[in-house]
Amino acid sequence: MSDELWTSATRHPFLNAVRDGTITDDAFDRWLVQDAIFVADLLKFQARLLGRSPRPAQAVLVSGCAALVAELDWFEDQAARRGIELHGKPLPATLAYRELLRVLDAEPFDAAITALWALERVYLLAWQHAHSESSRFREFVEHWSTPEFASYVDALGTLATPEAHNALVDEVLSHEVDFWEMAGA
Ligand code: MP5
């Protein structure tokens, strides 16, 4: 697991630009549309993972699925407020991430839950990094910085075994970097 990749995925220029308010609305909206597609893909992946999860993991995965359903509503609200259409086409980074989620279906549960933990932890750390009292994107920053979300990431952490899946965690982190890059802040 590479510290450098954790840093690139959680302190990307996209996040600095969100924090500093220098990001263009076009770039932010480009990310928003793609993230809504990713979250829809993630919900399907997580539901499949729930189907093969051992008893001790079921509660946390159910709570995560419910949160993703609520999050899709939240994306719709945000898009309506910003006057954008959410049903865009997936760009290459989104399609590549979708493919990783598909590949994870064939991996043992331990590997798949570790990947899920990594991709959620990135969002927690990334949006904490983007925090600023004056940001016009504060609502987004706060969405992924709540104590509830941090507890969810901790709960996934008790099921994850990153030291046994270094290459996979790095793969997730690379997809996260590509995802920020796609917005082209
Ligand atoms: C998440 C996300 C976190 N929304 N988008 C990407 C590219 N990676 C991770 O997922 P969630 O479930 O929205 O917290």
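Placement of Cβ uses the backbone N, Cα and C atoms for every residue, glycine included.
Per TrEMBL, the substrate site holds Glu71, Glu120; the candidate it also names there, chosen from Asp26, Asp29, Asp35, is Asp35. Our reading of the substrate binding annotation (Asp35, Glu71, Glu120) yields a largest Cα to Cα distance of 13 angstrom. Compute the center of the Cβ atoms of Asp35, Glu71, Glu120, which mark the site for substrate; besides them, the chain residues with Cβ within 8 Å of that center are Phe38, Val39, Leu42, Leu68, Tyr123, Trp144.
DSSP assigns Asp35 (substrate binding site) to a helix. Taking the Cβ of Asp35 (substrate binding site) as reference, residues of its chain lying under 8 Å away and at least six apart in sequence are, in sequence order, Phe75, Phe179. The C-beta environment of Glu176 (active site, proton donor), restricted to residues of the same chain at least 6 apart in sequence and closer than 8 Å, consists of Ala9, Leu119, Val122, Ala126.
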